[in-house]
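Worksheet: one structure, shown below.
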Amino acid sequence: SATHGSGPDMLVSVFTHEVVGFGPVFEEQPVDTIYPEESPEAKIIMNCRARANPPATYKWKLNNVEIDLNEEGRHYSLSGGKLVISNPIRTKHVGTYFCLATNMFGTVASREASVQFGYLDLFSSEEREAVNVREGQGAVLLCAPPPHYPAGLSFRWILNEFPTFIPLDNRRFVSQITGNLYISKVDSSDRGNYSCIASSPSISKSVFSNYIPLKPLDERRVKKYPADLRVRFPSTTALVGQNVTLECFALGNPVPEIHWKRIGRELPESHEVRMAGAQLYLHNVQFEDSGAYRCEAVNSKGKDSHSENVSVEAFPEWVEHITSTEKDIYSSFTMSCIAKGEPKPQIRWLKNGEPFDRKEMRFARLAFDDSGMYQCIAENRHGVIYANAELRVVACAPTFEHLPVNNVLAPKNGRVVIECRPKAAPKPTFFWSKDTELLSNSSRVFIWEDGSLEILDVTQADVGRYTCFAENDLGRANITRPLLVTESTKITLAPSNVDVNAGENTWMQCAASHDARVDITFIWSQDGKEIDLIKNSAHYESILKLTHPKSGSKLLIKNVQLKHAGHYTCTANTQVDNITASAHLVVRGPPGAPGGVRIVNRTDKSMTLEWFRGADHHSPISKYIIQYRDQFSKDVWKNATTIPSDVEGNTETATVINLIPWTEYEFRVIAINTLGTGDPSRPSPKETTLDSDPVVAPSDVGGGGGASRELTITWTPVHPQYYYGPNFGYIVAFKPHDEFEWKRVAVADPQAKRYVHKDASISPLTKFDVKVKAFNNQGEGPYSLTAVVYSAQDAPSEAPENVEGRVLSATTSTVSWIPIPENNIDGYQIKYWRNHEDGEGGAQRVVLPGTENHTKLEGLKPNSEYLIEVRGYNSAGYGPPSSHFRIHTKKPRMLYCGTMTHRVSVNIAWEHVEPLANESTIDGYRKGNSVGTLYTTSKRHIDLPWHADEEYVVEVRAHTEGGDGAVAQTSIKGNETLLLVFFLIPYHSAQIPADSLIQETLGI
């Protein structure tokens, strides 16, 4: 039975009233918002919603000033807790917003959120200057993105027309920081007009720059340039968990290769090299990824490098934060908030939405005024986090309402605790009685500080009715519970020790006796940790036998693994007591992994290892296998050749042989016994074998060609695995075939593939013997097989003669010449340009093989004077140009066309054109309709079959000796008559659309 709190009437009315409800708890808070200036939806919505009882009311602040929802102009309105900003204005509504939610228990402030206006202006309308660059040199096209917000544009480039995007490879790169387009080595295929596309993902808008013409300039001999880094990543700070992209790109010829490293440490495992080496991508960065990173650009002419730091910091994160709680009046209480982050966050407090000027929230004696909504805020330069809690200070007389008054069972000779936990504030004092006897502390009976009663060594004499009395300044109450004594639980069958091989099945058994008035359960644990029979059902199963007076449990252990070995405990549990019994499970299996693998000695071809033996798992280790991987094998482990060849199980050292000099290795050791092969050890620290003379010679030695008075020697470079030491390079030896003294030249670049020897005294096509060998800082290797190579021939010395041209039409001409009599001609280059409009700098070129002596020039401009020159070339360069030959393309002429419909036919008529002196003679006209029927006539009209219920498309072309001209087209339906105007443009002028010419002429 229980009696509830009583005391002075006034105090009861004030303090024992139980208040129902709670303070505001945010379910939705405002977030940073970017409002596109061109948004068709002229409003911004800032969310705020709190769960509260009674429901919360809301107000908002902008830049810490309360927003007047009734101001003139009515831009602001409230929908629930949401703030709606209608027809937002940049100058008025940009800033930092937060909402306040309030009810009778207090006020909480939401997190702050910014409103910014997003925009992406158009590119400048100023014409972009052309970029002229020699072939082989690098080029940078500047994007110069327009003003925008926010940052974080993405960039692409188009060539000539949308959507022809520039393909990105090891030669071309678009920086996603500046937007600039970088071309490491320009060639003729890069000619064209380029436009930068800047896109803002935040406001879903893209803009195009004006076109930038790129004009590669011909080089008689393309020069080579060393690597020159033009894109260099800046010092970078990232947050834990973010992804980081570092950019590096170099100009140069040959196209440089980009290599990445972290100074002093290996690159993070999560790294990825993208964009043909131009980007280093670090995924999900952590503090340990901080450090100095370096990119290095290398080609055969030189190298360039750049280093900068990557720092990893962290957003604030709670280690400990406040939670809602009730505390007794007059009690002491401390609120604690601890946050981690980099830099270390600063902590500040709010109470009911207002700053609370305390460094720590410590209350020595709580009062009702201390109730309210509290917020601790942790902040560093990367962000802010909030923790919210309600503190409710309560006072009431003791009451046992809603507490159980059922019997208390105590085990004979055991221990029992009878709880006494009334609801009371401030904390009450406690008294206990058994039946009519007042109890006090003794050697068997203790009254705890929280009011609970503990009785030790329980006997039948302890049976009775126990009453707890609780009293404070506001009142008193008591509760009575009967105590009954039960028989103790005893283990009647303890589990036995088990010895089993891995992979087999086994079992343990446990049984206990217990009092009939209590229920019993059995719990199995391994090494002090309870076994989850559901989660680990693949290996464990418990079979229960629950009867009185004895119950038991059989634990099946299926497919036993090494991890299952250990100390197993069976616990028999009842409501009043428990008892345990234990046994050991021994699992025999393959050995554990060896430890402490290290390299204690090294030569150029061997390394000596030491290690510590691992667990033998109750079966002696019979032998060890040693595996290695090197810098070239990636993640593939290979079995090593060792001394001794069989590493016995009682040894802990061996020497690995047949290694490659100057190569980085790591090793691991695997133990074996009669029950199987164990797990490998952790890899040893990486070590490099000592240097040695190279033994591999370059292959595929050859050469030839090149410029006049040059000897070009080529070879296939030695793979880096066979460098055998630092300062690797090549020695190139050569001599005229009929001489005996070799000339030697050292080439220091290990990736070099060729050497060009220049000597003005070398005659063309001189026969040379050449050979190449490798060297490093230890010495020289063997020479390759000797190859025969011829020096370069001279460039052509004569110009083509009798260059002639014949104009075929307004856009086409032929050109021919007499071949150069020299036998060293590889081909001819025809260069042509408009004499007055373009100049030689805007010339177009056609290249033909040396067997040809004529070609057709197409795509010429009508009624224009062109200059044509022809020159021969070979591997040594271009010969002198021919004399310029002039041609003048023919003029296009207008043609008029009309239609007249009749009942069963349509008459197509047009005006005849008398050609001028420099125009092609008109041979006739060709007509076609929508089903593809072709008609040819020399007249100026034609009748075509026609049906009134169908629509026809008719095309008319003029025909000359140069081919068919551009099309004039008309649609015919019903009794319509249409007059068309179109141009007669001879063959090969199809790049001028006829319909656009028609529209222009008619003023459409």
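Yeah, the Cβs are placed from backbone N, Cα and C, and that goes for glycine too.
Automatic prediction, not curation, is the source of TrEMBL annotations.
Quick look at what TrEMBL lists:
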type: DOMAIN; residues: 24-116; note: domain 'Ig-like'
type: DOMAIN; residues: 133-208; note: domain 'Ig-like'
type: DOMAIN; residues: 226-311; note: domain 'Ig-like'
type: DOMAIN; residues: 316-392; note: domain 'Ig-like'
type: DOMAIN; residues: 398-480; note: domain 'Ig-like'
type: DOMAIN; residues: 482-580; note: domain 'Ig-like'
type: DOMAIN; residues: 593-692; note: domain 'Fibronectin type-III'
type: DOMAIN; residues: 697-794; note: domain 'Fibronectin type-III'
type: DOMAIN; residues: 799-892; note: domain 'Fibronectin type-III'
type: REGION; residues: 676-708; note: region 'Disordered'
Three-state composition of the region 'Disordered' (676-708), taking helix and strand from DSSP: 0 helix, 9 strand, 24 coil
Stretch-level contact, the domain 'Ig-like' (24-116) and the domain 'Ig-like' (316-392), CB cutoff 8 A, at least 3 pairs: yes
The domain 'Ig-like' (133-208) - residue tally per DSSP class, helix then strand then coil: 3 helix, 33 strand, 40 coil
Contact ranking winner - 133-208, 398-480, 482-580 against the domain 'Ig-like' (316-392), Cβ under 8 Å: 398-480
Residue counts (helix, strand, coil, in that order) that DSSP gives for the domain 'Ig-like' (398-480): 3 helix, 42 strand, 38 coil
Predicted model, mean pLDDT over the domain 'Ig-like' (398-480): 92
